[in-house]
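*Asks:* Positions annotated as domain 'Aminoacyl-transfer RNA synthetases class-II family profile' by TrEMBL: 1-322. The feature L-histidine binding site is assigned by TrEMBL to E82, G83, T84, R111, Q125, E129, R257, Y261, Y262.
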Amino acid sequence: MSTVRAIRGMHDILPEQTCYWQYLENVISDVLGSYGYGEIRLPVVEYTALFRRSIGEVTDIVEKEMYSFEDRNGESLTLRPEGTAGCVRAVVEHNLLATPQRLWYSGPMFRYERPQKGRQRQFHQIGVEAFGIATPDIDAELIALTARLWRALGVVEHVQLQLNSIGSSTARRHYRDALVSYLAQHRDALDDDSVRRLDTNPLRILDSKHPATQALLAGAPALADYLDEESRADFARLCELLDAASVPYVVNPRLVRGLDYYNKTVFEWVTDKLGAQGTVCAGGRYDGLVEQLGGKATPGIGFAMGKERLVLLLEAAAQVLPAIPAADLYVVNAGKAAELAAFVAIEDLREQLPALRIVQHAGGGSFKSQMKKADKSGARWALIWGEDEAAAGTVTVKPLREQGQQENMAVAAVAGYLAQHTTSSEG
Ligand code: ATP
Ligand code: MG
């Protein structure tokens, strides 16, 4: 029989890796908490229509990346490819929009893409959304928050903020017409993808990596010249706030973002440490989305970070995490009576010193083989019960990592002994 395997592009995250993930998650949730953002937990599956209506029919995601299926009831459902749509659905459904909301969520997203470094089919995002604030002070807050995150994670020298305004939907329509008429005159010089996008999603052509298309774009009309007055003023204010807070950025007039729902501010944090998959965080304003999904018109802005890419960045930036040993104590117990005495004593010890990581040997075996496992475990001490200890109500404490004699003591004394030695050896 052939062996079972994980699905292509969907990865296990093994225990040696999870310390990075936990570190990342803890730092991020602390920073988000310090700005007053609250966590919301959302389903992984939604009606397909939600994504079609929000992300847009002619985007890469909806055209070719969604995992959609019919459930047993014939409903079309989709594994979420991103989090904003579900978050908007939830705040509308639960009537949370009477006052501004600052929210975040975390979890797996699914896109049928070509797997490569930093690009999976199941990947994980932390998303942040702020609802009900139309002014650019909130844009600045979100961006300052991300900058603080990079500092907290120790990767700030490796990322760069790119910023743009894509204006109101009316401004974008005018620009779109100008861009299409320019590019249509040079249709022959465009790559195939861009020719297709000319009729469907011409702004995405600005994203093209194709050299000939890039060359053509150098002479194309600029989005900045088509911005409406309000977008222009808001963008200027955002830049002013970022300057005042010393958050460096680069204005990238080609930055448009791939989803239909954005307007005004769009931004990306990019790194040159991860090869082609260099965007670690991306977002923008989406003032029309709530109404588009049936809620009362409410402005919104948000971003999402890819956790896989952030973990790769931590590694690339050689962020060394404090190694967390799997165990502080390894409990050796040879023989039936010792097993029983150790079992009872260790349950009691866990009650008294809940912060200690105690691995109790299970599965029997000789004293010698158990001691070998204790050595391999990385624990600082072995707690040893043999027949003598079981009979006498004592335990032997043996240091495994440092010099020092092993000591035999009453079981009742071991918690005090360990408490003293754990604190005195730190600091
Ligand atoms: P890209 O241009 O890299 O495809 P995107 O514009 O499709 O990104 P968003 O939808 O804005 O990405 O998602 C926000 C972030 O989520 C990205 O900046 C990236 O860090 C991460 N991300 C997106 N798609 C993937 C994926 N398939 N695998 C891993 N991370 C991803
Ligand atoms: Mg993508």
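Positions of Cβ are set from backbone N, Cα and C atoms, glycine also.
On this model, are these features tucked inside or out on the surface, and what's nearby?
*Replies:* Listed in sequence order, F51, I55, I61, M109, Q125, G127, L259, A304 are the same-chain residues at least 6 apart in sequence whose CB falls under 8 Å from the CB of E82 (L-histidine binding site).
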*Asks:* Can you tell me which of E82, T84, Q125, Y262, our binding-site residues, come within under 6 Å of ligand 1 at the Cβ?
*Replies:* E82, Q125
*Asks:* For a quick check of packing: other C-beta atoms within 10 Å of the C-beta of Y262 (L-histidine binding site), how many?
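*Replies:* For Y262 (L-histidine binding site), the count of other Cβ atoms within 10 Å is 23.
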*Asks:* Just name the winner among T84, Q125 (the binding-site residues) by count of other CB atoms within 10 A of its CB.
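*Replies:* The most densely surrounded of these binding-site residues is T84.
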*Asks:* Among E82, G83, T84, R111, Q125, E129, R257, Y261, Y262, which the record lists as binding L-histidine, how far apart in Å are the two most distant Cα atoms?
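*Replies:* Looking at E82, G83, T84, R111, Q125, E129, R257, Y261, Y262 as a set, their Cα atoms extend up to 21 Å apart.
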*Asks:* Validating a neighbour-count step here. Other CB atoms within 10 A of the CB of R257 (L-histidine binding site): how many?
*Replies:* 19
